[in-house]
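S.K.: The ATP binding site annotation in Swiss-Prot covers 179-234, and the record cites sequence analysis as its basis. The annotation Mg(2+) 1 binding site is assigned in Swiss-Prot to D305, E319. Among the features that Swiss-Prot reports, Mg(2+) 2 binding site is placed at E319, N321. For 146-352, the entry in Swiss-Prot reads domain 'ATP-grasp'.
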Amino acid sequence: MNKKKVALLFGGRSSEHEISVISARSIANALDKTKYKIQPIYITKAGKWLGAEASRKILAMDFESAIKSPTKKEIHLIEKEIVLLCQNSQFRFDFRTAKIDVAFPVLHGPYGEDGTVQGLLEMFDVAYVGSGVLASAITMDKAVAKICFEHAGLQVGEYLAFLRREFEENRGSVVARAEKKLRYPMFVKPANMGSSVGISKAHNRNELIEAIELALAYDRKFLIEKAINAREMEVAVLGNDEPIASAVGEVVPCNEFYDYDAKYVKGSSEVIIPAQISEAFAGKLKAAALNAFVAADCEGMARVDFLVEKETNEIYINEINSIPGFTSISMYPKLFAQVGISYTELINRLIELALERYSERKLRKI
């Protein structure tokens, strides 16, 4: 049996770099070795692509323990090792001559989850796992995604979106508009980041200004959202034109909200799968997740995050992650495991979906 060659793209020019490496390592370990052969391709924080030998060495590094270190000493040691590998590694790679059957981008955040790598793979004429250029770009930009969700009839929380220029030219006006429409407490987010990077909760004007300045360190666009007293629910979606939804999960954060530290560093947030809700209410969340998936033109996979108001049970869609995490604690594989789809089977299906979509595209007249 000829094994299909899978190019595993990981790392990348994003603040979610380490999470990408951890996700890729989990996928590499779970991949069905009887069907697939891995070609790892590591992308440095500077954007340099490394060959298979260096990439395998990086894939074996213990990033998971390193990011939990309070001193960050371990992560600095890993970064030094990577610098040495970069000095001795030359990347000369042609997807066609390498006979890559499918690429699996495990790149979280900008320059990987936003349509950039997807466009590159389209130009190379390579099948790849996950959403295409349009859906990746839509779901990466939280402001654009909210417009898409509202058009599809989904409820989003009250928010305002601003550009850096607006804040720099008249910060007083930005703050006044937020205070008038949203009132405290509020959340401030970069428009184009994931893993809750750059997100802050503001309880007063000084905190709001600080939160905006933090968000602008990551993006030229930011959102200010009205805080909702809510439970955090998540639904995973799998498929192309006929997607299916997973069980519903709930996250109970160890911090005031589910930020980067609560997700990956402290690791003490509680995950409840399935969520303790009625079957009828779970059905509403699943239907909303599928609606959002289709509205954004997603393919392959996505994790849809919701806020459920504690007193009224009103459902608000928060965001879609087109390349959800695949770490040992990530919700996406756990949610499908609850409905009988193992981690390895999930990866098999994602690769099959990518190849199906590629075959369908080759039939088009272009």
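Heads up, the Cβ atoms here are built off N, Cα and C, so glycines get one too.
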S.K.: Neighbour count first, Cβ atoms within 10 Å, every protein chain included; then name which of E179, D305 tops the list of binding-site residues.
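M.R.: That would be D305, with the highest Cβ count within 10 Å.
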S.K.: Which residues of the same chain, at least 6 positions away in sequence, have a Cβ lying under 8 Å from the Cβ of N321 (Mg(2+) 2 binding site)?
M.R.: E113, T139, G194, A302, R303, V304, D305
S.K.: List every residue in the same chain as E207 (ATP binding site), at least 6 positions away in sequence, whose Cβ is under 8 Å from its Cβ.
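M.R.: Sequence-distant Cβ neighbours: S200, K201.
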S.K.: In whole Å, how far is M186 (ATP binding site) from E319 (Mg(2+) 1 binding site) when you measure between their Cα atoms?
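M.R.: With the alpha carbons as reference points, the distance is 17 Å.
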S.K.: If you draw a 10 Å sphere around the Cβ of M193 (ATP binding site), how many other Cβ atoms fall inside it, taking every protein chain shown into account?
M.R.: 24
S.K.: On the 0 to 100 pLDDT scale, where does the domain 'ATP-grasp' (146-352) sit on average?
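M.R.: Mean per-residue confidence for the domain 'ATP-grasp' (146-352): 93 out of 100.
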S.K.: Among all chains shown, work out which of the binding-site residues M186, S200, L214, I228 has the most CB atoms within 10 A of its CB.
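M.R.: That would be M186, with the most Cβ atoms nearby.
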S.K.: I'd like the Cβ neighbour count for E319 (Mg(2+) 1 binding site), meaning other Cβ atoms within 10 Å of its Cβ, all protein chains included.
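M.R.: Neighbour count, Cβ to Cβ under the 10 Å cut-off: 19.
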S.K.: Report the same-chain neighbours of K221 (ATP binding site): residues 6+ apart in sequence with Cβ closer than 8 Å to its Cβ, ordered by sequence.
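M.R.: In sequence order, the residues whose Cβ lies under 8 Å from that of K221 (ATP binding site) (at least 6 apart) are D141, A143, A161, F162, L163, R164, P190, A191, N192.
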